[in-house]
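Student: If you scroll down you'll find the structure; I have some questions about it.
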Amino acid sequence: MRLILLGAPGAGKGTQANFIKEKFGIPQISTGDMLRAAVKAGTPLGVEAKGYMDAGKLVPDALIIGLVKERLKESDCANGYLFDGFPRTIAQADAMKEAGVAIDYVLEIDVPFSEIIERMSGRRTHPASGRTYHVKFNPPKVEGHDDVTGEPLIQRDDDKEETVKKRLEVYEAQTKPLITYYGDWAQRGEENGLKAPQYRKISGLGSVEEIRERAFGALK
């Protein structure tokens, strides 16, 4: 099972990624984790990546793909792997294809932006404990205060409506085109000797369990 998970920030990809990893016994491939590990280990690619990072520059796609190919050779990838948050752009998707990185499924978790804004902007956090609430879906007993300590709750900057909207705008511009990219490739079939992935789209609305069953059903 080799798959890419697509969906907007706040669509619930992280939660479903954990279920999928557990069910199929596959690792989640995080480019951030790979970069940090390569830099720490001092591999040739890691040293090169560190140069860009220290200069405050983005690590080039070609270097990231090199790290991906190294990572996929490790034994825990024998049964497959799951990409969440990569590729983010058409250029990265093209680079993966050219590098011969095989993908069986592209699974999109679809949630309307209005729902995502409500989900994320309604979150409230108790800073000391990390306890989280939601003004609509999981409200505290006393509005604006932690159930255990009674201390005030905060809204993290990441959860503020204007921040959420900006993240969704970036997704719309950069990552959403991947949905068309993989959908079109699935229709065209094999390219460059690489089998086209099957493209599946599920609704990300409903309970966590309902979405999990939809995801498992789509990956049969």
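Cβ from N, Cα, C; glycine included.
Quick paste of what Swiss-Prot says about this protein:
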- GLY10, ALA11, GLY12, LYS13, GLY14, THR15, ARG123, THR132, TYR133, GLY206: ATP binding site (BINDING)
- THR31, ARG36, LYS57, LEU58, VAL59, GLY85, PHE86, PRO87, ARG88, GLN92, ARG156, ARG167: AMP binding site (BINDING)
- 30-59: region 'NMP' (REGION)
- 122-159: region 'LID' (REGION)
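Describe each of these features in terms of where it is and what it packs against.
Tutor: In the three-state DSSP reading, GLY12 (ATP binding site) counts as coil. There are 19 other CB atoms within 10 A of the CB of GLY12 (ATP binding site), with all protein chains counted.
Other C-beta atoms found within 10 angstroms of the C-beta of ARG88 (AMP binding site) number 16, with every protein chain shown included.
Long-range contacts of the region 'NMP' (30-59) within its own chain (CB-CB distance under 8 A, at least 6 residues past either end) are made by residues 66-68, 70-71, 84-86.
For the region 'LID' (122-159), residue counts in helix, strand and coil come to 3 helix, 10 strand, 25 coil, using DSSP.
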Student: Cβ atoms within 10 Å, counted per site: which of GLY10, GLY14 has the most, among these binding-site residues?
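Tutor: For the binding-site residues GLY10, GLY14, the Cβ with the most other Cβ atoms within 10 Å is GLY10.
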Student: When neighbour density is defined as the number of other C-beta atoms within 10 angstroms of a residue's C-beta, which of the binding-site residues LYS57, ARG123, ARG156 has the lowest density?
Tutor: LYS57
Student: Going by Cα-Cα distance, which of the binding-site residues (LYS57, ARG88, ARG156) sits nearest to TYR133 (ATP binding site)?
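Tutor: Among LYS57, ARG88, ARG156, ARG156.
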